[in-house]
């Protein structure tokens, strides 16, 4: 093994990296990681503090700036208030109101105002108004007042305009915002003048108003003062009120530094949830670390509203983000530079230290290479001494050596070994150490782990200092360092009595340097030197190892034989499943090649298409299983509601169960589960439930029940489940949902037993049609369900209408609906999600939880034997593995379900009792991310999924009988136990369209009405009688539809009755039925009469048409071996006999092998019986011939082979052929 860098770079793992490089990288990563963690923590902490401190500083600066503004305005206000409260003005206004309108009345007032204006350069113009806002007195400062333009005066005298005035004018006054006059800013302050001329009245009232135009330069100087505000920008904004008196906008009082001078004239809107809105409307101050509201770039700012009553201003102090973050940026640069410098220093220091530290390991590596190359262990002294010494050391170290090996070495005491030079080889009888190949094999075997049987064969010893490890090497973890050093000292001092080595072994040994400290590396060196001596004893273990390996090979052989047997069973089953649709495809193709009638060819193509779809379904199951086995299936998690799963199951299987006359109930418990938005792969969950429900419907007889219960069990205990490796789904204690779902039925619901409720979908549908007080949530659910149903069944109905076919496509409801279910679950929204605006499903919750959801599917089918309840989850295993099994399939459904459940950390369990039914429980944990509110709905859970709902009452209606009502309630297929009578299963779509009366197929007049291809068929069509053909597992998936459309005899197919409208496997029928004999009464009695025993409808049609092409028209069909026995018995009692019987091997009830034995033994039937089977294996052929069959016809059936069989075994066919 080389530790250095390779000469060529290896691009595939494991990558070769020297231990020196690894040590350097490890130390560097630890040092740099620690520095980075410290640097990041420090940087984040101080950066956050810097930001907080600097934002607080901006806020304090804004407060100071607003205080300065308040002081300036208050100074101007009190001077103006002083003028407004002068007695001269009050007396003049009182006299004016009393009727004295002469000029003499205003002389004193004018003098007072003139003195006030001339006393300061701050005031320019003063104008007095009466209470009706009429100007009665105007005075100006001769120095500046006459120089103000008219447009500026108009904006500064708000009382002279028609602009609405604020109500504060009547109490404290108003202040206009500064207006630019050339280079200076002016503003005006309007105050009310209160007077009380009466000595009787105590309250003063407003007799007039005074408006004073004053300079705003003092305010401007406060605005421009940026003392102690480095790189800061100051802004003052003023609120703009609308006609309702609300602050709807703002503008700048003064243009900020660097902006245009006309910026104060622009009004900006106030957005909600901004600091401007909070400051204007709530009077709150504060700071922002990052915003771009007042600038195009990011800035940090502090703001504080002014407290002056006449204005609504906000002072703002802002800084660019680069200035605001400059201290934090500087600190980050310092920390980064320091980390990089320290990292470089650590790396440079680590390189020489790592070189020095790995030198002992390098020496150990070189010594190992010498031993690996086969050099060393060449004894130069007589082998007797060396071997004895070696064994002595072995015993002292705890080794036990077989006595045979000791005897062998003693016997060789007289032999000697010669050493010649560095590469000399030793010669001795039986010395295995001299062969390089033996050395390499010994080392290689030593590196392998010993199997468990070797532990039992471990050689006992009485020494506890050292033991032989499981891989054959010394376990020196148990050796003390003193004993090792003692051995080494003894080895150096007594070389004549211990194992001596050649020059190569001397090179292999590691030198023992004098050390200051003893560590693991020194122990490793001593252990390595001891290991070279332990190689002798290693060979003693080889025999035991070979014996243990032999036992392993024997066990592996048994396991391989079991696997081979399982493979044979799988090949037999899958061969039957695949060959059955292939028989339909190839057989009908061969028939179509011989046909010239377009209708017959089209009908054959339909059977080919349905067989191809069934074959595709089987292959899809196999591929899905293979994908799960290879762990390439990935969960696609998303938000969904458990109601989505219930709706999908209802929309897919509701009609299926109704047509099958099986009561399907779906319930959700408790109602809290409906409000949860869960996170998981809803498509895979729907797939699992669909497989379980499909299985339940397949095995449930007519008038049976299938219950689907979705429960909330409690909170998920992830730690305990993970500890148990997710073998079970555990619930936290105290969170269990203890309320019993099976409570007393207060609505008189139909029950399956005394303690179990059932939600009958058929009665639910009736209730939906009769109850008009449906709540809002039910309307939404119904709407979604309608959309899902339309999307699922639209294709099937369209295909039926376009093809004018009585039988729907063989694509199963579960297969075709699954794709639609995925689509609907992704694009349809759950009720109550408030998702019309494009928002997310539901609303988030503060504390997301993980819940345990249980989905139970219980049926009243035949049940599963306890011995098979665990094996049914294995791939390709079914509850009934015999040839006479009633239900087919690949046996992958439950295996796929368990695989998907394990992927979700869930479980799949089965409880079943033979003769009672089965219950599959799928339990999994799901995270709740959101919740749905139903607060606005009066009855949010009033639907068919609630057992307590009024919609689950069974309501019966008395409807007048009519043709349509008779057709809508036409009889369905009878159970398998009654094969003497046949009825028609009609889909609701077809029933509503039918206009003719349907008669029983079992009418004894049928045989007389079917005369020939023309006349007999016309009579059959006139009376609208539909002959029924046996339904097999290949057709069980088809919809139960007998349309009122008429099929001609040339199409070769009548209307088909189906027990089960979902997909089963091929080649298995669910019930036995009377098959109308297809025969021609005009034929003479010497015509060939053949019985075809086949449970698959497609195979029946293939062989029947092939026989028709051979000129054989007198053909009878049977569905299973029991019916074949009855037909042969009935015909034998009349003194007649079939010329030949074609017998399928795998059939329900009674398989072909047992039926053949019964016919031969009990009825004495001697005519030929030819086997029909899809498993064309030599062992199967031999088994058929031993049962009493004469020939073998494999599927897919080929016409030349069929013709050969007829020629070989049917004498009547040969005679008929010769007559022609």
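Cβ coordinates are placed from backbone N, Cα and C, and glycine is handled just like the others.
The compositional bias 'Basic and acidic residues' annotation in Swiss-Prot covers 451-468 (among others).
Taken from Swiss-Prot, the feature compositional bias 'Polar residues' applies to 965-984 (among others).
Residues or ranges marked as compositional bias 'Basic and acidic residues' in Swiss-Prot: 988-1000 (among others).
Residues annotated as compositional bias 'Polar residues' in Swiss-Prot: 1063-1075 (among others).
The domain 'Response regulatory' annotation in Swiss-Prot covers 1089-1210.
Taken from Swiss-Prot, the feature N-linked glycosylation site covers 100 (among others), and the record attributes it to sequence analysis. Taking a C-beta cut-off of under 8 angstroms and a sequence separation of 6 or more, residue 100 (N-linked glycosylation site) has no same-chain neighbours.
DSSP assigns residue 138 (N-linked glycosylation site) to a strand in the three-state reduction. Around residue 138 (N-linked glycosylation site), the same-chain residues six or more apart in sequence whose CB sits under 8 Å from its CB are 125, 126, 127, 128, listed in sequence order. Among the features that Swiss-Prot reports, N-linked glycosylation site is placed at 138 (among others).
Long-range neighbours of residue 142 (N-linked glycosylation site) (same chain, six or more residues apart, CB within less than 8 Å of its CB): 118. As annotated by Swiss-Prot, N-linked glycosylation site applies to 142 (among others).
Annotation comment: Swiss-Prot describes 181 (among others) as N-linked glycosylation site. DSSP assigns residue 181 (N-linked glycosylation site) to a strand in the three-state reduction. There are 21 other Cβ atoms within 10 Å of the Cβ belonging to residue 181 (N-linked glycosylation site).
Under the heading N-linked glycosylation site, Swiss-Prot lists 224 (among others). A sphere of 10 angstroms centred on the C-beta of residue 224 (N-linked glycosylation site) encloses 10 other C-beta atoms.
The N-linked glycosylation site annotation in Swiss-Prot covers 272 (among others) and rests on sequence analysis. The Cβ of residue 272 (N-linked glycosylation site) lies under 8 Å from no Cβ of any same-chain residue at least six residues away in sequence.
What Swiss-Prot records for 502 (among others) is phosphoserine.
According to Swiss-Prot, the feature phosphoserine maps to 758 (among others).
If you look up Swiss-Prot, you'll see 833 (among others) marked as phosphoserine.
Here Swiss-Prot flags 1041 (among others) as phosphoserine, drawing on a large-scale study or a structure entry.
Taken from Swiss-Prot, the feature phosphoserine applies to 1044 (among others).
Below 8 angstroms of C-beta separation, residues 328, 331-332, 335-336, 338-339, 342-343, 346-347, 350-351, 353-354, 357-358 of the same chain, each at least six residues beyond the ends of the transmembrane segment (23-46), sit close to that stretch. When the alpha carbons of residue 181 (N-linked glycosylation site) and residue 224 (N-linked glycosylation site) are compared, the span between them is 18 angstrom. Mapped onto three states, the DSSP output places residue 272 (N-linked glycosylation site) in coil.
As a whole-number mean, the pLDDT of the topological domain 'Cytoplasmic' (1-22) in this prediction is 66.
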